[in-house]
Structures are given as C-alpha cells and as structure tokens.
Amino acid sequence: MNLFEKEALVKQKAEELENASPQAILEYAIETFPNITFACSFGAEDVVLVDMLQKISPKTDIFYLDTDFHFKETYETRDKMIERYGLKFVEVKPAITPEEQAELHGPELWKSDATACCNIRKVEPLTRILSKYEAWITGIRRDQAPTRANAKKVEYDTKFGLIKFNPLASWTNEDVWNYIRENNVIYNPLHDNNYPSIGCEYCTRQIMPGEDPRAGRWSGQEKTECGLHK
Ligand code: SF4
C-alpha cells in the first residue's frame, strides 16, 4: 500500500469506525495490518487495551519503552500482567544507559533538558521499534489533554510514518475505570494514590484535589508530552 492509498484508507476508516467499539477497532486493525504493534505504558488505558488484546488476538506484539526510570510499581504491574496472561512484552531500551547519559549530558538531564532526555529515552527507542511495523495501537484519549483533543480512531502518523489506531479516543476516564472494574484488570496501584497519569519517576508527581489529571507530569515545566504523540 503506498502513502496515497494509506491516507485515503485512513480517512475513510476514521469516519466508518468513529462509533465502533474499541474491540471492533482492534479486530479491524489486526485483520487489516497483521504487522501491527501496541505501545503499552502500563497506564490505566493501556492495561485495558492489553486485556482486550488478550481476548481478541493474544499473539499481537506488545512493547513498552523501558526508560530505566519507571516507578517500581510500574515494573510490578508489568510482572503481574505477564503472570496473569502468560504474555511476553517486547522491551525497548534506550541506546545509552543512565550512567552513559549522565557522563555525556551531565546529571539529571530530566531537570536541565527534559526534551533531550525524552528524546534519548523515549523518542529514539520508539522510532527504532516502530520502523519494524506498518501500524501501531495506542491508548490515547481525546479528553486527556488539549494536545489529544483531535485524535482520530484511525489516523496516519506523519511523525513515524505508519498508521495509528486510537481505539479509546472517545472514551472518558470513567469508561476506562468501569472496564477495569468489570473485567478485574490488573492496574498500577499508583493510580489509587492520586497519580492519574504515570510516566518516569523523576517527572511524575501526585496531583492535588482539583488539579488537571496531567498536572503531575513534568510539573513546573512547559512540557506536556514526551514527543511520542504529535
Ligand atoms: S519523562 Fe523525564 S525521566 Fe523520563 S525520559 Fe522524559 S525527561 Fe527523562
């Protein structure tokens, strides 16, 4: 399929699938693009999608970006999911270790230049893994942030050059937690402790009552996204 054909298909499918269930979108995505992967961060949306994928197509590749800086609770959530589903996550690591990063760029790069740190530990590894696939699935939702408000259920990802499926784009936070409770899905216990959005330990804090759900990410900085989603 050339670029023109992909863009035409995406436009048509985004309209057709706008009101489809996440499961129906996943089924279509996997059937149409067998060379597809799911990017899992172990956040609430992503554990929902892991559960759905295990019920629909358990052999679908699922990867996570191991920045080396995740909370221990995030790694424990990963391990519990491996145990429950018997699945194998593809681990994607940065090209350099935290020690090499400190040597090359100084200590605490996440404080001095968070964008450079995210580029090293998230964007480059993501670019590397996505180059092996023709489509990817993410857990982004429109009401998570203004930067995500226009996300389509199916879109052409110009940044990484492949088709992107966002099956939960129209779901609310309540929809996500209803699914988790109804299906007894394993989730990161930090969510119960005022961490609605969880990234690296150095760049995530608890939120206070009334704060935006993503206020705990890169708190005090202009930055609102890692650079994984345009
Ligand atoms: S979220 Fe923070 S620690 Fe993690 S890669 Fe980005 S800047 Fe670095």
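Every residue gets a Cβ built from N, Cα and C, even glycine.
Per TrEMBL, active site, nucleophile is recorded for CYS226.
Under the heading [4Fe-4S] cluster binding site, TrEMBL lists CYS117, CYS118, CYS200, CYS203. Sequence-distant contacts (6 or more apart, same chain, Cβ under 8 Å) of CYS117 ([4Fe-4S] cluster binding site) comprise GLN101, HIS105, LEU109, TRP110.
Sequence annotations record features per position, and here TrEMBL assigns domain 'Phosphoadenosine phosphosulphate reductase' to 36-205.
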Problem set entry | Average model confidence [pLDDT] within the domain 'Phosphoadenosine phosphosulphate reductase' (36-205) | 96
For this session: Note down the number of other Cβ atoms within 10 Å of the Cβ of CYS203 ([4Fe-4S] cluster binding site), including every protein chain shown.
Result: 20
Problem set entry | CYS118 ([4Fe-4S] cluster binding site) CB neighbourhood, other CB atoms within 10 A | 24
